[in-house]
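Notes follow once the structure below has been shown.
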């Protein structure tokens, strides 16, 4: 694609798009017309399209101070942390072409700019990083000001080049979506196989029959490690809270520092399993690849290698059979939590140890493929940001 940058014009966003269009243009539309409504939670982070949470009559929604928009408008979250996280969206599929939403949206309507290119600009790292520095308000209540958006300058290509650039970004976004579908399908297949493996059918493909299984208590296959640590006194430099664990992912991708937390924590050693004992329905279990400390709301477990293969235990704990049992035995209503004594007494049907190595290889291959897909997605996202930087820089 040849870009004629000598033909580009430096403009302010306020000069090429309308910000927060007036509801007056709805005056002639019947008040009982059904229209769409978008909550802040409906918007994705740095993903263009989203689904509407509900619908209502136009007359009901246009009375208040809600944001008004229509198809092809761009929504931008103005409040922390939504803005910093990239909450934004390109409006499509409104009932009768009309929508309303949170008062914490800016609505941008392109006049001299392609809608997809406009969305790509306001969701870029370039724009967000600049906006973070200009937010006003107290901690936790900061907002992006309308003046920042209106005065933000970009080099604007002619409309034909805008469409070419937008089409390129859309093709990258489509590729990202395809990778995500593969990720989802892979995870579903893995979950299905785990469910079959630990079911009461006592059979798994042609590899296992009923003689290859045994009933065993959890306390025989897992050891509860409860070594206490004071964050301010430890020489360890890595902290893992439940917020750092992703559902159905054994890999710890994010961590914190002991200096960030207070109160007694749990010591973790490389290879230990961190299991979220509070709100087990969140399905948080991971294997530590370092020594560190963990939240007291987690349970630190270590495989008893006399009865189970070390690398097999985490896969078992990812299964619906284990997770559903964990939810069932949790105690409390607001923050349901599992007690070790209760979990230790639970009985499960597992393949015998001598069969577990080959099964572990199978499930590790799923995770390896998933990691490769995640890397593909990261590469595509980085490519999009690099192109945006070249265009905006």
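Residue positions begin at 1 at the first shown residue.
Every residue, even glycine, has its Cβ placed from backbone N, Cα and C.
Keep in mind that TrEMBL annotations are predicted by a computer and have not been checked by a curator.
The model shown is predicted, which means the values in this text are computed figures rather than measured ones.
Per TrEMBL, these features apply:
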COILED    169-196  coiled coil
DOMAIN    6-178  domain 'Type I restriction modification DNA specificity'
DOMAIN    267-380  domain 'Type I restriction modification DNA specificity'
What residues in the same chain, six or more past the boundaries of the coiled coil (169-196), come closer than 8 Å to it by Cβ-Cβ distance?
-> 47-48, 116-117, 120, 204, 248, 315-316, 318-321, 362-363, 366, 369-370, 373-374, 376-377, 380-381, 383-384, 387
Give the residue counts of the domain 'Type I restriction modification DNA specificity' (267-380) per reduced DSSP state, in the order helix, strand, coil.
-> 52 helix, 26 strand, 36 coil
